[in-house]
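Asks: Let me give you the structure first, and then I'll get to my questions.
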Amino acid sequence: MSLPERPGASQAYNQRSVYRNSPSRRSRPVDIETGGYHAVDNQASHQRGKSGSSFAESIGINSNTESMPLSPTSPDGQSRHAGPEQPISRKRSLIRPERNRIDRDHRNYHYHKHAAHMNVLPSSTGNDPIYEDFEASTERTNSNYNEGGSDGSPRQRRTVSGDHEKSAAVASTLPTPDRTKSGKIKRKSRRHSKPPKRIEEQLRPPTFWNVYCAIVTFWAPGFIMKCCGMPTRAQQRAWREKMGLISIILIIMAIVGFLTFGFTATVCGAPQERLRVNKVDGGNMIFHGVAYDLSESHHPPAQGMPLRSDGLGPNVLYDLPEKNAGKDGSFLFQNVNGRCKGLITLAKGSDVPTNDDGDLAWYFPCKTFNQDGSSKVNTTTPYYSGYGCHTTLDSRNAFYLDLKGAADVYFTWDDIKNKSRNLVVYSGNVLDLDLLKWFNSTQVDIPERFKELRDKNSAVNKAIRGRDVTRMFQSSSDKKYAQCFEEIIKVGSVDTETIGCIASKIVLYCALALILSVVGVRFFLAIIFQWFICRKYAPTKTSQSSDRRKRNKQIEDWSEDIYRAPIRLPGDVGSTVYGSSDRSSKRASFLPTTSRFSSVGGPDIRSQGGRRMPTTMASQSTSNQLLTPNSMFKQGNDSRASFLRTDPYSSTPTDGPGPAGFIHDAVVPQPPSDWMPFGFPLAHTMCLVTAYSEGEEGIRTTLDSIATTDYPNSHKVIVVICDGIIKGQGETMSTPDVCLGMLKDHSIPPDMVEPFSYVAVASGSKRHNMAKIYCGFYDYGKNSRIPADRQQRVPMMVVVKCGTPDEASKSKPGNRGKRDSQIILMSFLQKVMFDERMTELEYEMFNGLWKVTGISPDYYEIILMVDADTKVFPDSLTHMISAMVKDPEIMGLCGETKIANKRDSWVTAIQVFEYFVSHHLAKSFESVFGGVTCLPGCFCMYRIKAPKGGHNYWVPILANPDIVEHYSENVVETLHEKNLYLLGEDRFLTTLMLRTFPKRKQVFIPQAVCKTTVPDEFMVLLSQRRRWINSTIHNLMELVLVRDLCGTFCFSMQFIIFVELVGTLVLPAAIAFTFYVVITSIINSPPQIIPLVLLGLILGLPGLLVIITAHSWSYIVWMLIYLLALPIWNFVLPTYAFWKFDDFSWGETRKTAGEKTKKAGLEYEGEFDSSKITMKRWAEFERDKRSRSGYWGSRENVIGGGGQTWTSPPGHQYNEEYYSDA
């Protein structure tokens, strides 16, 4: 918890303060995620005054030094070293400058702002960094929240009417403080300073979204909305935005419906009736490739067409001597004198009628022929005379104008390639070259090319028969022949589709391929993760069975009841039997593992395979690299180092300083850093339990499960944060009283605990809140279900948000929401890591944790977040920390949540398989890419800080200023922001992590299991899923804009997130379309195969997942129940959620005594007076505390005295249980 030293104020290396050398406070110069530090040329030599021998002497030292710049580049992008004579030149780079511009939209903007205030200069000599002195360089000040340096200034927020922060106005009017020679702060007179003015809401131009929502809801003016129960502007704005979102959802649904049903009908249209050749029945007759229905026709009176007895003309199909049913009559209506004019000429002695222009009356004999091409050329029987060729104007008008074709005759390519035929294709038309044989050479003359093409024995005919000759006949002469053939020997068209129909099929098959690929890839990658990837995160052994099937059966039995305890397996690793795992490993090693050449403290711990073990805060402290001789983080390789607290302010090097007072005499001793009972280095972990209105039974269940996990108690601490003085519905005690009843051996008597101020996540006067800190050890109670031999000693801290005295008489005093509870701890961790100014509450948290754990809070690098109604499986914490330690790139993970009340009602029954699929299919697939989009707040884990690069370098993750700043946003105005911050804060934290660190991983650990109770009433489920669905939609909207996620284009997490977003929005339409397809497939014939196959795959693959992953066969039954409830999941719940977009309350869940369900949001009332909140660094708080108490580091008040030897506190001798053969 230290910052590097500012230049020009350093002391000798062996005299540096122990407090400023935390390994977590260093950052690599080339750290990608921090932006890095740049070298400073011509840096001055580092000198500083001599440090006093005691703390009382040290405060008299005045170090009036100026802070040199952090880097050559200032936050605004301008060089700090470039003078007038030194122009700024831009170097060549493959990266565009706007990519490196750190503006307010940059994901690391706030981190750079904090890094800019770090007092450090990078080393240009290769030596260790020079750190700020603990005694002399810290300014002594009694400044409140609105005074002092900018590094600890309150988080700036947007201001709205009724939410004025006095700090902003006061800061603008206060003069800059001057420091006198005596070291005191001299301020100018404030007599003439103007009082702070109220900051009104600034008028901003309407955005495109606001204009769109206003257009959509133009029919609902403000006065009508006031009459309908929406009097405030915020309610009206939320309702208008809701209607805007609903309109967009309806548009998307309409687009999906159009693509599903209307696109094909639009672009392809109703297909024209088509008849395949040789399938034209007897009621039709073919003319030039078109079938005409002549079954009810009558030929008008003409020569050779006698009238029937009924006075009507004969039917040409049945009444004539030659039956023409189903035949081709193209020669009866020949297309003459068109493109064939000049090619087909009159022969000598021909009796074909002609005129002066050379036009011919007919080309072929006016006879019919069979459609299959089997008719032979008849050269003996005379054909009909001219009247059979229909050469009169009346007959041609009757055919071309009055007669309508019934269907086109088409040929398939198999028909065209039939060797018995002589067919070719030109421009989609089928031409029968055998019809060229019907030319009578005595009547007409034809070109030799015609004779060559019709001859099956010619080379040309063999080359073109059965093929498409469109491209081949592009020459001028052949093209002329082909166009002539289209008029005289066309017998049909090739079996083709229109461009629209082709486009429709392309869209259909592309969508099919996309859906199948997404569904298939998700399934197979989920299987790969379950079988292979997740196993590399598992520890070598835990307290539970290592057999996978046996363990799954044990978990299923355990999850049947929320209060059922797991089976205890004898002989396995257990936190109550120290050294049980070490005994076998120690005896198995016959040869010595160290020698006189081994490094002291074992800084280079390696696994059995020779690979370097992962870095943790505890493991790195065994190395002296980059640590000053008297570093507070220099721990010995034994258990004594955890509670060793000598005088921090003596002039001689001693072990690290602690808070004034004492370290609890019952602190859990720290094991040696190389003690690895589970096969990986242990990491210190905080277990955060957020409580609101839960009762004693629920909280006891959660804390019992955490306290009895097999992870060593020396490396875990329970932190319970009670969100206000709340009494749950039907409870006799308030939640804070319940939590305090589970705490014993208090470091400070409960009646002596005072409330301390902090900045809450709220608006107006509620930004000032107060809370009490209680520290001690977990109390299992007199009637505990946990056996006495398993009741371990676990350090515990309870934070009770009690509110300010002004709200003591109001309902829910101190209540600020779950996000505020999380921010209390997250902001505290950020202040600890960056050594920033902290509030009084955070100072008490720091000291309280140190007293009950024996180590600095800076040691904690992992945080487990659990709701107060969740029970954790005994080895779950071990599995989760194992994954964190083995893969430093993992920044967040979650386990599987089981349902404990499966059989309470039909409402709980339909949720069982939904929980299973969401974990083992969705989260397993996302884990392959390290991009789990939702870490459930009821059971998840985040990394506070991560080791980076070389030894002793750490970067903030959850404690990153960008995470804390965005997550603690106190002014939410738009509907989108309210759904993010007020309904789905847990999911939004996951989104923030992915958005800030897109290259790091968030995974699912299936071995880590918890169980919880789910809603057993439909209205409660409806309210819960309304919050979850709306939160999911708005978080996916945020994630879809993150461009740096894994993959590219369609093969990326960004694309998968987009598909999930669209899929969530169209759920009601999708289930309606599904039922429509199923019903039409049953009624109509043939059924729609492709949609039914897709439906079967989507619904059936999860069942196959149950079989492949070897889970309980009972999940098949739960799957069938889930399928029956699909209309509820996909229609009722989403539709209700969409209509409730503007409802920001928690509905029927978590109701308190006397509470009525109402729409909620951030309430703006009063003004925030920041002067009531004191902000100082830990060193300043500690100095003031010691000044008031008169404690100046006397040897008798600190464990260990002032010498170089140490004495253990009462009841704690050397910790021999970690080594069984010690």
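Here the Cβ of each residue, glycine as well, is placed from N, Cα and C on the backbone.
Found this in Swiss-Prot, in case it helps:
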| type | residues | note |
| --- | --- | --- |
| COMPBIAS | 11-24 | compositional bias 'Polar residues' |
| COMPBIAS | 42-77 | compositional bias 'Polar residues' |
| COMPBIAS | 182-196 | compositional bias 'Basic residues' |
| COMPBIAS | 616-630 | compositional bias 'Polar residues' |
| CARBOHYD | N378 | N-linked glycosylation site |
| CARBOHYD | N418 | N-linked glycosylation site |
| CARBOHYD | N440 | N-linked glycosylation site |
| CARBOHYD | N637 | N-linked glycosylation site |
| CARBOHYD | N1030 | N-linked glycosylation site |
| REGION | 1-101 | region 'Disordered' |
| REGION | 138-200 | region 'Disordered' |
| REGION | 576-630 | region 'Disordered' |
| REGION | 1202-1222 | region 'Disordered' |
| TRANSMEM | 205-225 | transmembrane segment |
| TRANSMEM | 243-263 | transmembrane segment |
| TRANSMEM | 513-533 | transmembrane segment |
| TRANSMEM | 1055-1075 | transmembrane segment |
| TRANSMEM | 1089-1109 | transmembrane segment |
| TRANSMEM | 1113-1133 | transmembrane segment |
Asks: Enumerate same-chain residues with a sequence separation of six or more from N418 (N-linked glycosylation site) and a Cβ-Cβ distance below 8 A; give 'none' if the list is empty.
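Replies: G466 - these are the non-local Cβ neighbours of N418 (N-linked glycosylation site), listed in sequence order.
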Asks: Would you mind listing the long-range same-chain contacts of the transmembrane segment (243-263), meaning Cβ under 8 Å and 6+ residues beyond its ends?
Replies: 209, 212-213, 216-217, 504, 507, 511, 975, 1062, 1065-1066, 1068-1070, 1073, 1138-1139, 1141
Asks: DSSP on N1030 (N-linked glycosylation site), three-state: which is it?
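Replies: It is helical.
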Asks: Sort out the residues at least 6 away from either end of the transmembrane segment (513-533), same chain, that have Cβ-Cβ distances under 8 Å to it, and list them.
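Replies: Answer is 920-922, 924-925, 927-928, 1004, 1006, 1050, 1056, 1059, 1094, 1097-1098, 1101, 1104-1105, 1108-1109.
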Asks: Rounded to a whole number, how many Å is the Cα of N378 (N-linked glycosylation site) away from the Cα of N440 (N-linked glycosylation site)?
Replies: 10
Asks: Three-state secondary structure of N378 (N-linked glycosylation site) from DSSP?
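Replies: The three-state answer is coil.
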Asks: If you measure N1030 (N-linked glycosylation site) to N440 (N-linked glycosylation site) at Cα, how many Å is it?
Replies: 82
Asks: Counting other CB atoms within 10 A of each CB, which of the glycosylation sites N378, N440, N1030 comes out lowest?
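Replies: Result for the glycosylation sites N378, N440, N1030: minimum number of other Cβ atoms within 10 Å at N378.
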Asks: Per DSSP, N418 (N-linked glycosylation site) is which: helix, strand or coil?
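Replies: Where N418 (N-linked glycosylation site) sits, the three-state DSSP reduction gives coil.
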